[in-house]
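Quick look at what Swiss-Prot lists:
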MOD_RES   M1  N-acetylmethionine
DOMAIN    19-66  domain 'F-box'
REGION    113-269  region 'Interaction with SMURF1'
REPEAT    141-162  repeat 'LRR 1'
REPEAT    167-188  repeat 'LRR 2'
REPEAT    194-215  repeat 'LRR 3'
REPEAT    220-241  repeat 'LRR 4'
REPEAT    246-267  repeat 'LRR 5'
Amino acid sequence: MEPPMEPSGGEQEPGAVRFLDLPWEDVLLPHVLNRVPLRQLLRLQRVSRAFRSLVQLHLAGLRRFDAAQVGPQIPRAALARLLRDAEGLQELALAPCHEWLSDEDLVPVLARNPQLRSVALGGCGQLSRRALGALAEGCPRLQRLSLAHCDWVDGLALRGLADRCPALEELDLTACRQLKDEAIVYLAQRRGAGLRSLSLAVNANVGDAAVQELARNCPELHHLDLTGCLRVGSDGVRTLAEYCPVLRSLRVRHCHHVAESSLSRLRKRGVDIDVEPPLHQALVLLQDMAGFAPFVNLQV
C-alpha cells in the first residue's frame, strides 16, 4: 500500500491549522514570540506582510529592549522602526547606539514610555542635558540609570535628576568627569535615602567631602565604586564605615590616599574590598620574587 502524498507548495491538508491562524494575543505573542531572540524576529518579519504585522504587534508590547540583542551596531533608522510603537517599556538599554544616539532620537522614546524603571545610556556621548531632563521629568518611576562615560553630564544635569527621580536606587556615573563634590553632595542630600548602588569611578574631581556626605545620607547604600578617585582619602572611608551599616562592596583601587587603617573596620564586617591588605600583598610579592611558594602560607 502506497503512503499518502504530502501536500506541496501552498497546498494544505484539510483541517490543518497554519501558524498564523493561531490566536495572536493569546498564544503567539505570549508563548512563542516572547521566546524568540530579537534578532531572529527581525528576520521573521521579512517573510510576509502577515509576519511583519505580527512582529510589529510584539514590538509594540515590549517591556524590555536591549539594543545589544540586535547586534553590536544598530542603524538609526532600524532603532526608530523597532521602537516606533512601543509604549510600555520598563527597561531600555542603548549602549550599542552610542556613536550616533542624539536627543532627537531618544526624547520621543522617553515620552512614549513613562513607565521606564531602568535605562542604560553608557557611552552615549552625543546626548545632552535635554535628554536627561526629559528622562527625569517624564519617567518618575526610574530606579536604575547608567550614564557611564557620558562626558556631557554636569552638575546642573545631575541636580535635575536628583530633584525629579524619587525612586532612584542605582546610578552609574563612571567617568562623568565634569561632576564635582558639590553635585554629589546635592545628590546625596536629595536622593541619598533610597540609593543602594553608586559608581563615581574615574573622576579625579570627587573627594572626601562628597564621600562623607554620601555616607551620612545613604543608610541603605550597598555598593560604592570610587576606583580612580584620586582625591578620596581615609577620612571618607572612615565615615562610610561609621554611617553605612549595610555596605557590601567598596571599590577603592588607585585611591592612593586611602590607608589600610581606614579599611580594616570594613573588612572586619565582611565588606568586599578590591584592594588586598598590605601583608597579603607583601607575601604575594615575596612569593613572586624569591620563589618561596612551597614555604609561604598566604592565609592572613
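Heads up, the Cβ atoms here are built off N, Cα and C, so glycines get one too.
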Quiz item: Within the repeat 'LRR 4' (220-241), how many residues are helix, strand or coil going by DSSP?
Solution: 8 helix, 5 strand, 9 coil
Quiz item: So what's the mean pLDDT when you look at the region 'Interaction with SMURF1' (113-269)?
Solution: 97
